[in-house]
């Protein structure tokens, strides 16, 4: 059983799209970035939702492409003293939480996440204080301050197991911040959950009606859906899962066409694994409606070559991530609780968004 809070009105100030670079400019920035990575003892770590050229550069230079938790864990293990995180701000914070001794740079600190923006730490903490009998479970797509208020931090692949574990102990749960993922988990587990009311601007736009029409055009296609999508979209899926799980599903499912309902940045890695298959963007918005994100996170798009070069060459307060040490230690507790639980289950934690 789930109870959804009244919607908190949050205005998401979408950033302007980066000015496109010419091929010559791209080549120049790529060469400069490669040189700077060596000079600064740095490694580029990119999320699946960044632009393909950023993911390609990360792989070419010995970096990494993955989900947010995989990114933080890779950075923790890598010998480089500086990590440049291609993603959104909470991902840089996660890297700093797990690897405090390293310098964490981001192309821009203005790369936000609507789930993070939709869950202000002060308001969320007040709500938690009003329900002291509830166990607080938060999605990884949150600020360090929200993580510090939680009992558990979860990723989408382990969330069901953790909620089932808590439900077996008859513990009521506060879930934040993604209402769609929370509803999906509540439906699957039957747990008593109070859901914070925020959503991912990308996944919230996927339309069940439009998806049905697309399925009519591609009747043999499999539908892959991230659980941050509305329930009506999830119900149409052949496979539901996190970014890493969807990539795995694309490889394992027999269909040769895949309709993919998540950020289209994922196509870069997915196509690498299934070059023989046709990947199709799931439709956003509805009939006559205009999409806002259009299946690509506007903040992820801020991680351009120019911004990466500037972060490496200039650094400074506009690019470096700092997390208060007391807050870092506190937020590490629920994160380690998840990692320990996953180890007990003998499973590999694969991440969120």
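Using the three backbone atoms N, Cα and C, a Cβ is placed for every residue, glycine included.
Iminosuccinate binding, as stated in Swiss-Prot, involves 68, 139, 140, 141, 156, 226, 227, 228, 243; the candidate among 47, 197, 296, 319 given for that site is 47. Here iminosuccinate is bound by 47, 68, 139, 140, 141, 156, 226, 227, 228, 243 per the record. The longest Cα to Cα distance in that group is 18 Å. Other C-beta atoms found within 10 angstroms of the C-beta of residue 113 ([4Fe-4S] cluster binding site) number 27, with every protein chain shown included. Here the candidates are the binding-site residues 47, 141, 226, 228, and by Cα distance the one nearest residue 200 ([4Fe-4S] cluster binding site) turns out to be 228.
A distance of 8 Å separates the Cα atom of residue 113 ([4Fe-4S] cluster binding site) from that of residue 141 (iminosuccinate binding site).
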